[in-house]
Amino acid sequence: MFCRTSTDLFKTVFDLMISVTLFVGRFDMRMMQAAMNKTPDESKSSDLLYDHLDGKDELWFDFIADTGDGGNSTYAIARLLAQPSLVVKSDDSRLIFPRGELLLIGGDLAYPNPCSFTYERRFFCPFEYALQPPAWYTPDHIALEKPELPLGVSELRQYSGPQCFMIPGNHDWFDGLNTFMRYVCHKSWLGGWFLPQKRSYFALKLPNGWWVFGLDQALHGDIDVYQFKFFAELCQQKVGEHDSVILITHEPNWLLDWYWGDKTGKNVTYLIREYLKGRCKLRMAGDLHHYMRHSCTESKEPVHVQHLLVNGCGGAFLHPTHVFENFKECYGNKYETKAVYPSYEDSSKIALGNILKFRRKNWQFDVIGGFVYFVLVFSMFPQCDSFRILHEDSWDGRVNSFFNATWNAIFEILEHSYVSLAGVLTLLTVSFFFVPTKLSRRRRALLGFLHAAAHITSAVLLMLLMELGIEICIRNHLLATSGYHTLYEWYRQAESEHFPDPTGLRARLEQWTFGLYPACIKYLMSAFDIPEVMAVTRSTICRKGIESLPRGGAIIYYVSVFLYFWVLSTPVVSMVFGSYLYVCINWFHIHFDEAFSSLRIANYKAFTRFHIKKSGDLEVFTLAVDKVPKEWMLDPDWDMEPKEPLQMSHTRRFPSKWRAASGWSDPTSVVRVVDQFVIPRTAVDPLLPDSAP
């Protein structure tokens, strides 16, 4: 599931550059969708407005977002969504949740970039394992006239299986929405979920006066004017005065704007304030890979949105919650935190993994980190007088002498070196720009300087320790005793003692090969005798200076030093960088994306299940799995269940192909409710007629 990482990364950067320079403000797929609409009045367009569910007495439906990483976490959620029913223990009671008839997905379907490979392997594949597509489904099919209903179903209202609608996220827009349009708007099945959707945004009319608006924010973080026109006309012509609207966007602008001190999504805000006028009961989003719900407190001011909900736990790596702990205001109303998952305390503790687990999770970082550290101290090799540190009589004196040598080396880098000074200046610049702009310029400079200083100091300390170790070995005759070819000389001695050559074969081989036979062995052994080569060359430099070495000898020395210094420095550079991320995320609440994406936490997954009751009240349940299984096995119940040739998978008792290898850890066994609330139906004054058409 997670192959081709480096290729995907470079392609993502390229696609993002193209999307930002070409599609933002120049060409927008949403404009083309509006131009292709066959109905002049978009509020009546069947391509955008779906009302086939409004005739039901009640309705169960689900919401997830950010399924992007695929694999175990995405399949765990898809398996829960696919079950005919879920039985969940809550306190002393047992709650039974029927399968949702409708699935809403809030974007970022596959990471890191949208393409056929990521969509098929990381998005479609887990859902197809959870709920298989119909027998006649072919992956390469392109749906020209949607909805392509199953045989025997004449209209969408008659279809009784689960359906799915989704909006794109910022990652889905990296290729200008091309892959999303191909795989969502021109396909009819996501596993066993039917896809009637034709555009990247939509409106759903649900039972008992409830609506869902699915908005496409593209890379702007806002809707375009054509989209705004559609939803504004819908609010005026279709949505009743006492109806209730659930608004879905990919980005939770209310949280991100508060965090960054920004103001985005102005068209969405205007739509909510001026057209929905208090009818938006719930606004939902993903993008942040955790669960948070804020509810409006009692206010004398008009309440534009009652509840703000973020649930990006559909399958991507975890994001922290504690950095958003102080969010309290949006749309001019006060909000209070009602539920978070994981909790603020757990989120803060998880960040400790940056110190303890950063290197194990991000071993590729060693390649860059070790090289950077070597560049920082390149000009300081060798330290010929390092042994004077041990001339002190007491350990306190030796420690003080060691740290004095460290400071002297740092000042020597600043005053006399070229390569190391360039590395230091580059590191300082990168460290400054790496600090998020959430902080003031002065704080960014201070934090960037401290971060770079920690790396520079660590590199110099490691350099002195390595030089001191080599010097001790030389003075104790463990290294630099017999020149460059110590290992070869030992080999020749052992060869003559244990493998005598009375016939002179070796001498003839040397003659026949023009000396290549012993020379190849000699220099090959020198290449493997790196410590001796390094020590001998170091002694030569200390006696005669670096100028005495030929260019090849200098290259061999620095390559030898690099190999050992790289091994010595990689654990340290990872720990320093991980500690920096830990301090930033827990003390300054910055780098929340970098600090948690580096941990690659696949656990803490959740989805939200809704129930529109016959009374019109909306029950909301968020169900979560704390730990995602890593090992799966073929579900014997699925395997043994009889399957008719044309049977739809949603009619089966056991629809999912795989279950956890350990039954007690299966998502269906450990799922729990982490949040539960009710949004009551808007009260209707019987003396006033509803303004709905």
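Glycine too: its Cβ is placed from the backbone N, Cα and C atoms.
If you check TrEMBL, you get these features:
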| type | residues | note |
| --- | --- | --- |
| TRANSMEM | 12-29 | transmembrane segment |
| DOMAIN | 61-266 | domain 'Calcineurin-like phosphoesterase' |
| TRANSMEM | 363-381 | transmembrane segment |
| TRANSMEM | 417-435 | transmembrane segment |
| TRANSMEM | 447-466 | transmembrane segment |
| TRANSMEM | 555-583 | transmembrane segment |
Exercise. Quick one: mean pLDDT on the domain 'Calcineurin-like phosphoesterase' (61-266)?
Worked result: 94
Seminar exercise, completed: Within the same chain, the residues 6 or more beyond the ends of the transmembrane segment (555-583) and with Cβ under 8 Å of it are 351-352, 354-359, 362, 365-366, 369-374, 377-378, 381, 451, 454-455, 458-459, 462-463, 465-466, 530-531, 533-534, 537-538, 541, 549, 591, 594-595, 598
Exercise. Which residues of the same chain, at least 6 past either end of the transmembrane segment (417-435), have a Cβ under 8 Å from a Cβ in it?
Worked result: 372, 375-380, 443-445, 447-449, 451-452, 455-456, 590
